[in-house]
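For Ser109, His364, Arg425, Cys427, the entry in Swiss-Prot reads heme b binding site, with the evidence type experimental evidence. According to Swiss-Prot, the progesterone binding site annotation covers Arg232. Residues annotated as 17alpha-hydroxyprogesterone binding site in Swiss-Prot: Arg232.
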Amino acid sequence: MVLAGLLLLLTLLAGAHLLWGRWKLRNLHLPPLVPGFLHLLQPNLPIHLLSLTQKLGPVYRLRLGLQEVVVLNSKRTIEEAMIRKWVDFAGRPQIPSYKLVSQRCQDISLGDYSLLWKAHKKLTRSALLLGTRSSMEPWVDQLTQEFCERMRVQAGAPVTIQKEFSLLTCSIICYLTFGNKEDTLVHAFHDCVQDLMKTWDHWSIQILDMVPFLRFFPNPGLWRLKQAIENRDHMVEKQLTRHKESMVAGQWRDMTDYMLQGVGRQRVEEGPGQLLEGHVHMSVVDLFIGGTETTASTLSWAVAFLLHHPEIQRRLQEELDRELGPGASCSRVTYKDRARLPLLNATIAEVLRLRPVVPLALPHRTTRPSSIFGYDIPEGMVVIPNLQGAHLDETVWEQPHEFRPDRFLEPGANPSALAFGCGARVCLGESLARLELFVVLLRLLQAFTLLPPPVGALPSLQPDPYCGVNLKVQPFQVRLQPRGVEAGAWESASAQ
């Protein structure tokens, strides 16, 4: 009886909230509204949202549970909001799971826009670009070459490449963040991030974000998420303590040293509050969540596409041999020299266009009344950029669903993609991610030819339907044939 009464009360409150919201917006010229909730059942939501533009245009509203949101489906509207009117759209909604995962939105990716948020972002960006500038690129290259040596030992055997890429990117983040690439630490943080993301993506958590009052009811998934967060925070705090006990003022060994010392000297320009150690804690969390699985997923998509397009792989290897020397050369190439490898750059751009890791960018919130595409957008409205939809817009891209890296080699023929977002909320680790994609694919294609196991068993190019907010390739395996070895001899050796 009590439960029934509580449900009735919560339903009435939700209905009253909805009616009040509609009354406040009655005089505004709002984007058209998609009726019903069937869009929530679509297996590929970004593509479905793009299809709605044929009737509704590139900007419209829909309901995600009790929350009404505005969806942007074109490069033009996304750039209008996120670049030209970036202050209006720089906020972040206070979603229940976001607050839980980010220590009440104390991190950069999920934190709301404020002067304190700007100071936090500035400190972390400085650590990425200044604190490790001298060591970032050489270490990415060294860790990648060590990865290739491990793969050479397994040459001939089918390899689950997604996991290998995930461990590689985690080792890079571990070294840049903690100055430590020991296997035990890398595997511990890798497993921690995997567990956290799997739990966070579960439907039992996603439903709480759409219907927040359900958090008052028993939810085993919510308990598991809290346990994963507690484990994550314990591991990060242990590393912060180790750094505080051993660091030397005015010197930094890694990003954590830089940020801990930066907290002591950086002040917010005006207003209450200042950066605390908790902000460094959440910067570390951001680096692991945003810098491991995302880059590993893009690398996995690149391998999958190259298995489907061996002619592109052959041209890439010819380009590498021509510019850097034949086979598994160790010739030094820096990221500044990337203009020498236009096809490699175009291939990376095409993978990012077709398979942006987060196809629906994290939701934004308007900080004040604004407009997009001639429509009124009230203050506090949640806005979701459909990045994948913008990348598949037939009015912008010729044959948008085709994997065709050469489109980026045609002068002035194609605009840049928005895989890392844009404006104030652009991905903080974009420069590191692009460096990793460039170095890893370069070294991998220098050392190996990618082959499916067995012949003809190609990976699916349809996203994993159980991957949550990230766009992941379905599990697959690949054989890595060392270059410079005759195919027949290699096949005989690998069969023994």
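Quick reminder: no glycine exception, Cβ is built from N, Cα and C everywhere.
Neighbours of the heme b site: apart from Ser109, His364, Arg425, Cys427, residues of the same chain with C-beta atoms within 8 angstroms of the site's C-beta centroid are Arg92, Ala361, Leu362, Gly421, Ala424, Val426. Secondary structure from DSSP puts Cys427 (heme b binding site) in coil. Within 10 Å of Arg232 (progesterone binding site), judged by CA to CA distance, lies none of the binding-site residues Ser109, His364, Arg425.
The 10 Å shell around the Cβ of Arg232 (progesterone binding site) contains 21 further Cβ atoms across the protein chains shown. Every protein chain shown contributes to the tally, and the Cβ of Ser109 (heme b binding site) ends up with 20 other Cβ atoms within 10 Å. If you take the C-beta of His364 (heme b binding site) and look for same-chain residues 6 or more apart in sequence within under 8 angstroms, you find Ala81, Met82, Phe89, Ala90, Gly91, Arg92, Pro93, Val382, Val383, Ile384, Pro385, Arg425.
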